[in-house]
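Comments concern the structure below.
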Amino acid sequence: MKTTVTKLLATVAAASTIFGMSTLPAFAAEGKSASNGNSVNISDVNATAETRALFDKLKNSGKGDLRFGQQHATDENISSSASQGDVYETTGKYPAVFGWDAGLALRGAEKPGSGADKNANAKALAQNITDADSKGAIVTLSAHWCNPGTGKDFNDTTAVASELLPGGKYSGTFNKELDAIAATAQRAKRSDGTLIPIIFRPLHENNGSWFWWGATHASASEYKELYRYIVDYLRDVKDVHNLLYAYSPGGVFNGDSTDYLATYPGDQWVDVLGYDEYDSDDSADDSSAWINTVVKDMKMVSDQASQRGKIVALTEFGRSGDRKFKESGTGDKDTKFFSELAEALAENVPSTAYMMTWANFGGGGDNFQAYTSWKGSDGEADFKAFADSNKNLMASKDNVDYSNAPAAAMQNGSARIVTPVDGNRVTDTKVVVRVKTEGVKYSDLDLNSAIVTTDRGQNVKLKYSCNGYFTGILDLNAAGINLDQSKLTLTPQVKTKDGKTLAAADGNGSVTVKLGAKPEQTVDNVEDFDSYDNEAELQSVYSPSHSTKSNLTLVDSPEDNGTKAGNIHYDFVSYPEYNGFQRSHTPKQDWSGFSKLNMFLKADGSDHKFVVQVNAGGVTFEAYPKIDGTDGHVVSLNFGDADGNGGDFAPASWDTAHAGMKLSQKLLSKVGSFALYINDNGGNRPKSGDLTLDSIKLDGKRDAYAPNTNPTPGNTAKAQSVDDFSGYSDDAAAQSAWGNRGHTEVLSLDEGPTDGSKALRFKYDFSNGGWYDVAKYLDGANWSGESVLAFQVKGDGSGNAIGLQIGTSDGKYFLASVKLDFTGWKQIEIPLVDNANLTQSWPEDANKDNPMTEDDLASIKELVFASQQWNSESDGLDSSIADIKVEPAENTSNEQTPKDESKTEVKADKEQEQSEDTSADVTAQDPATCPISDEDSKGSTGNTTVTVKPTPDTKEPADNTGKDGLSRTGSNIISAIAAVAVLLLGGCAVLIARKRKGGDIE
């Protein structure tokens, strides 16, 4: 009886949260807090019963409960016979956690996605989630989203984070990505209609600098606000209640939580505290040193999770780089790696819920990727022993038993400024201020109390709009405030009807902005350290690598000129081997008009290895100034001549793919990052010390590099064979070489067009969509001066097409198509430069559909062949390709099968078809049109927001409300409470009809 009454009261309370805002609950059953065993501190208090049960199960993990997971557990594999993945083939079991990347799958770049139809891809991904659940596996989704501002890939680090927030230039574009996530989650159901809980891990490894949401591309404040926006949008606007949200920076933190928490969005938006770390050092025979590092950091993460009532997980791990599993399957060190890691976590961090490794994508050469053992590999037996060591490691019915659902703990009401973002610049005299409330019912808010105050005495009146937002406009002109490079601090104040002021979501709730555009800095001024007001600003620009932010500080310049300098503190005890800091440049900078790099250096005499690193044209170059003295002096590092000859820079020793390359002016025209490292030189040298640097500048002016888009005749380029297939002994060898996209099951060797020659056969039935691709990694091949890509194709007369894509090292893809309206062998020659039939298909930026230029030929990453279903009545294609080569202009016929523009299927994200206005503002809608989520969150079982655990004498989940739950009691008290509910709601009841926001993918 008590349970039923509590549920109905909760329903009444939820129903009283009326009009104009979405799910902002602030209460739990009988006021239970996160510390109470009967409730969980979950980010979504309206989460489905199954989602709360999963949270509880994972949070309460103890010794023996560790689960093993893998990305693409069943749909990528190394062994050709592993139809259900290598893990299943070697162990007879599925991993307990399955992972996919929603960002890639939904745009068709990874399985189960195929093609550009996000609607179809959402259905396919949801079906895979359902299948994983039926196998006894928990599902986690990451999101390698394209850069919404440029349309380029996730590693395009053009800063965009603040423009994705409400009112931002690309908020509408980003919302489409979130809509697809919502569509996937809401379709992921069991056969009885139960929504399957999913762990969603957006914006991962943000403390690195390789993603657009990463360090130096998004400030800590921007990152936190963007993460919160993702959760708010999915949970409150899209009404998705079967997601747990994971936060997962990458290591190493040396057990210190400072940097780990620097971008933590807050407990109201996070459920899983994760950690990503890979072992890439192959010098040791065992993995103990790396495991000790992981354990030290995981203890820190576990402590933080315990304090907050959250889940702890090793969200990504594996062996990569030099330590990766070898393509041959032999010669790997420490094949007991998985058992050793699992045992260390179980013993030292028993609360770890799961550890997930990456996908067995395969491929060949340097691009080979395997993260588990496979059939026939040296580690097969040890991996099977690992899988058999504990039943909880692998999938099972119990693993996905979500019958025991605790209540959601009460959340404290809060208010925060969403825009402008703390630390950002304001360049418009009319500033739109958006304040978001969380954890409080609309009916409890004092709408007339909402204001934002400034530290100059202004009060900005806020008006409630929808989705929990208040908005107002600060008119700087009217306030007499100039855009003069000064600062302005804003503080929100929102009260409830009982006079209480909502707490700040972060710190004291204030945000400080800079007034006016950032002063332009000339390209030759690489770094003078004088533009930073404080160390936090400096540390937001430079990303630590195997160090901590606090080891980069501002000091007085050793040049004694009254200016600032930068000080790098190294600590090889805490961070062994190397410490460093990197600054990325987006867009890339053109340094080609200068011949040297100067800097003022005051070293500590340690004689360690000082590394000055420049990434130019996608290649990492290094120079090594001596630091064996202590006197301050100017260091001058030469770039060499136009071709890089005679310079001080050489490719990094670990970048074997570019060994011997010179730092030419052409490469210097595209500088993507600049970094400073101190490497441990061993011996009796000190384990800690400091370097002070200032006045890092480009010098030695010269004519800048000018691309030659029209090469002169008679260039010295020679024909290059891309692949004649003669070197492959069997199908497996050919599949390995052409495995850069997976999908190798469609490939086999065939007889070539001439006696004794070989070809690559591509036979495919369109079962995974019209576009299905294979690729060979070309490792930055230089095609400069080449005129034609030539190859032979055997047609099948199907009327379909073979699509060819040339991928460059800077992320561009150029597409041409060969229509298979013929049979037998045919010579195809595709002009490479200024060819209207070979045009940029990706990214979908301003250069889309433009032809290749000579400049694009300098570094070729991969060659792609793909099926294109041009004939809808056919059931597949069967074609072969032979003798692929590039040739200079002479002796080429310059003929190409015409491209059928009407049928070309480009593997690109068609959701990027943007109108002129790509912005959106979920805060600016009419309250009457906002989604109203004030009724019970229905989930799969009609659960309310405030359920309690089942009592020991019943097997029914305690959250089965609705008709069945109410009818079982037969008590008159239910009628009485229902009557009270009607009185409480009064005339407002008519307003509780839910209105859903349009734009869902159905």
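The backbone N, Cα and C atoms fix where each Cβ goes, and this holds for glycine too.
Taken from Swiss-Prot as is:
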ACT_SITE  Glu205  active site, proton donor
ACT_SITE  Glu316  active site, nucleophile
BINDING   His144, Trp210, Tyr278, Lys384  substrate binding site
COMPBIAS  707-719  compositional bias 'Polar residues'
COMPBIAS  897-913  compositional bias 'Basic and acidic residues'
COMPBIAS  952-966  compositional bias 'Basic and acidic residues'
MOD_RES   Thr969  pentaglycyl murein peptidoglycan amidated threonine
SIGNAL    1-28  signal peptide
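Features per Swiss-Prot, on structure.
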residue: His144; record: substrate binding site; DSSP (3 states): coil
residue: Glu205; record: active site, proton donor; DSSP (3 states): coil
residue: Trp210; record: substrate binding site; DSSP (3 states): coil
residue: Tyr278; record: substrate binding site; DSSP (3 states): strand
residue: Glu316; record: active site, nucleophile; DSSP (3 states): strand
residue: Lys384; record: substrate binding site; DSSP (3 states): helix
Given the active-site residues Glu205, Glu316, which one has the fewest other C-beta atoms within 10 angstroms of its C-beta?
Glu205
Binding-site residues near Glu316 (active site, nucleophile): from His144, Trp210, Tyr278, Lys384, Cα within 10 Å gives Tyr278
Packing count at Tyr278 (substrate binding site) (other Cβ atoms within 10 Å of its Cβ):
20
For the substrate site made of His144, Trp210, Tyr278, Lys384, how many Å separate the two farthest Cα atoms?
34
Return the residues near Trp210 (substrate binding site), defined as same-chain residues 6+ apart in sequence whose C-beta is under 8 angstroms from its C-beta, sorted by sequence, else 'none'.
Asn155, Thr157
I need the CA-to-CA distance for Lys384 (substrate binding site) versus Glu205 (active site, proton donor), whole Å please.
30
Neighbourhood of His144 (substrate binding site), C-beta criterion under 8 angstroms, separation at least six:
Asp101, Gly103, Leu104, Phe154, Phe211
How many Å separate the Cα atoms of Glu205 (active site, proton donor) and Tyr278 (substrate binding site)?
12
Surrounding CB atoms that lie within 10 Å of the CB of Lys384 (substrate binding site), all protein chains
16
